[in-house]
Protein chains: 2
Amino acid sequence: MAMKNLIVGQSGGPTAVINSSLYGVVSESFAHSDQIGHVYGMVNGIEGFLNDTILDFAKELPGEKLEYLKTTPGAYLGSCRYKLPEDLKDPVYPRLFQKFQEMNIGYFFYIGGNDSMDTVSKLSRYAQQIDSDILVLGEPKTIDNDLILTDHTPGFGSAARYVATTVREIVVDASVYEKKAVTIVEIMGRDAGWLTASSALARRYEGDNPFLIYLPEVDFDVEKFLKDVENSFQKSASVIVCVSEGIHDASGKLICEYDSDVGCDTFGHKMLSGCGKYLENLLRNRLNVKARSVELNVCQRCSSMTISETDQEEAVMAGRFGVKSILDGNTGKMISFVRESDSPYRLTCGLEDVNRICNQTKTVSLSWISQNGSDVEKEFLTYAKPLVQGTVKVPMDKDGLPAFVYRK
Amino acid sequence: MAMKNLIVGQSGGPTAVINSSLYGVVSESFAHSDQIGHVYGMVNGIEGFLNDTILDFAKELPGEKLEYLKTTPGAYLGSCRYKLPEDLKDPVYPRLFQKFQEMNIGYFFYIGGNDSMDTVSKLSRYAQQIDSDILVLGEPKTIDNDLILTDHTPGFGSAARYVATTVREIVVDASVYEKKAVTIVEIMGRDAGWLTASSALARRYEGDNPFLIYLPEVDFDVEKFLKDVENSFQKSASVIVCVSEGIHDASGKLICEYDSDVGCDTFGHKMLSGCGKYLENLLRNRLNVKARSVELNVCQRCSSMTISETDQEEAVMAGRFGVKSILDGNTGKMISFVRESDSPYRLTCGLEDVNRICNQTKTVSLSWISQNGSDVEKEFLTYAKPLVQGTVKVPMDKDGLPAFVYRK
């Protein structure tokens, strides 16, 4: 019988290094051509697989072309948000495994966040149930860094590097005038404040901007915020405030929903805008100061120029480790990161039971958030700093712009 | 009598290379130490100068420190938005020239956009009027590229490189799902569409996203826009639309003001948000598609990682050329760029009468905008492509993030 084939898919929102994880899986699989036959990719995740959209990496990205994955943001294979049914008796499962058998799949990889680990969990449990020998592993990715049982997730370091770099640039840009002004920077992370906390890395010296940092882990109080800003003007006329998109008051109500009670668009629908915009208006009206808000938006997860070399290398490492682990017979696991030491920073890969991981959220420890709720402690900086290190050289195309690889 | 001293200031909104122009002026002045005494900087422009906030570059940025200016966004010297009075009989003029005399200033440089050239115009005219031998030159800068009598302005190339790179990343990020979705990218440039037009450089191949590009030079029609988007879905489920912040309808009304008639915040004030947010809501309500908007915001003018090497080199060149020109006795002029050829791209510096430049706006030629009003012609690409070339290596600090130089 022919050697078993490997298939890999990507799922959920992309990151700047989700394709580096893919590169790790594919290149390591090629290195084991004595044990692995074809290396397939499912286009648009498990949903695409069900629709028979599949590619063969040896044909699609031969030779050096594969290298470009490491500096291409977005999900090369495309993504989906398809959730497998809870009931393992659902007919989709035999349909999937029938396809696996037809394609002689022995190894299944899914690169993604929480929901993707749920898919890994279900497929591995179903495989066990029907006594299939298909092995299923999950490769973590998420800029939100909210997966448990891993020191951090691939994708977070690059997003944190983007946030730290960009906030530092915004601080420099905003400091050119002498008049009192506030800039609100709205950062991704609805339930977990890891990325917003990373804005503290932007400080060039102790006491530098951003003066105020608010995470969703702590209830947000509008009146306290206004006082915090007023106090900050004692330090400088230019005040930079970093807020998570998910900040909410003590009742749990999101700050970004404060204005939607009032503002409606011409269709009578609620206006959808972020908390940054709300706070900007609030400052203008209550403190009578110049205010501006900047929503970092999707650039946080797709900037190629701020890919962290450490993050990129670790994403590749996780991919390679996964292939070695699956060839060792592991299934139903997620590749995890174990920090051996902070200084010098040393990291190894581990394996964790995927059933313990999916559908859970790791938030920033309250002990890493300042007592006043508007800054982070040194422990967070010690944790985050190694993850944003290293500049990646992005290859340019004939037009002088980043050369990204893409499906035709 | 001692050699005359030189003073330089920055004014208006900063760019990614306004400090490169400063570097050019200061380093070239140092190279002429046989003709120029002290090289001073006015902190916060002419307004700061009036308040005696001045620094001496030899002391502030000795040796290698000066080099960091070339990769530091924002205005190192700080900026102001102070407009000198129209009436040259105003007492501020003798006050200024009294200060110049006390400091033995012989050469005055102002780096800025339209309003700054107005300052150069007034100072040089006043100098002539009182028969002062102080020479006054203007160094152009603006991401908007809207100064006349110059091929382009320093600052535009880097901002255009940021726009092209970021739009390309957003295209990649948005293309991972199969469901119909529109992403609106809102780009700076209220009256001139140069930066928005640069989003066309993002295309990786002919027919690639962004499918639609709207400049303020053409009236925007909401119904035509909706039809344009619907037609674009024939090409791809993911449609990227780039719009200038200043798009307006045939009556001249800004699209970003459409919703402010209706939406008010909790204080009863008009909600301030961009045209991107309005169009996003419009698409969701009228076409029933997923829609998102990304406002590129100040990152366009302060991103260090996307500084165009060409733009940086030209900004330095303009600074150096200015010093040579002022030593040749020129005054009341702005340094301009003259394009000698497109291919190979060759540029030289020239001098233009500043009185002809100030208070005018250069917009994108209608012949460079497509007939349908939703794209740009090849001529624009030929013009813009050379300006965004080259990646700059940004030095990193001990924390692994861009090392910017700043005043203490």
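Backbone N, Cα and C atoms are what each Cβ position is placed from, and that goes for glycine too.
Residues A:THR142, A:ILE143, A:ASP144, A:MET188, A:GLY189, A:ARG190 are given by TrEMBL as substrate binders; from A:GLU86, A:GLU230, A:GLU245, that same site also lists A:GLU245. For the recorded positions given as A:ASP115, A:ASP144, A:GLU245, the lowest number of other CB atoms within 10 Å of the residue's CB is seen at A:ASP115. Of the residues the record lists as binding substrate, namely A:THR142, A:ILE143, A:ASP144, A:MET188, A:GLY189, A:ARG190, A:GLU245, the two whose Cα atoms sit farthest apart are 16 Å from each other. Of the listed binding-site residues, namely A:ASN114, A:THR142, the sparsest Cβ surroundings within 10 Å are found at A:ASN114. With respect to A:ILE143 (substrate binding site), the closest of these recorded positions in Cα terms is A:GLY13, chosen from A:GLY13, A:ASN114, A:ASP115. Distance noted between the C-alpha atoms of A:THR142 (substrate binding site) and A:GLY13 (diphosphate binding site) is 8 Å.
Secondary structure from DSSP puts A:GLY13 (diphosphate binding site) in coil. For A:LYS141 (site 'Important for catalytic activity'), the Cβ neighbour count at a 10 Å cut-off comes to 32, with all displayed protein chains included.
If you measure from the Cα atom of A:ARG190 (substrate binding site) to that of A:GLY13 (diphosphate binding site), you get 14 Å. For the binding-site residues listed here (A:GLY13, A:GLY189), the lowest count of other CB atoms within 10 A around the CB belongs to A:GLY13.
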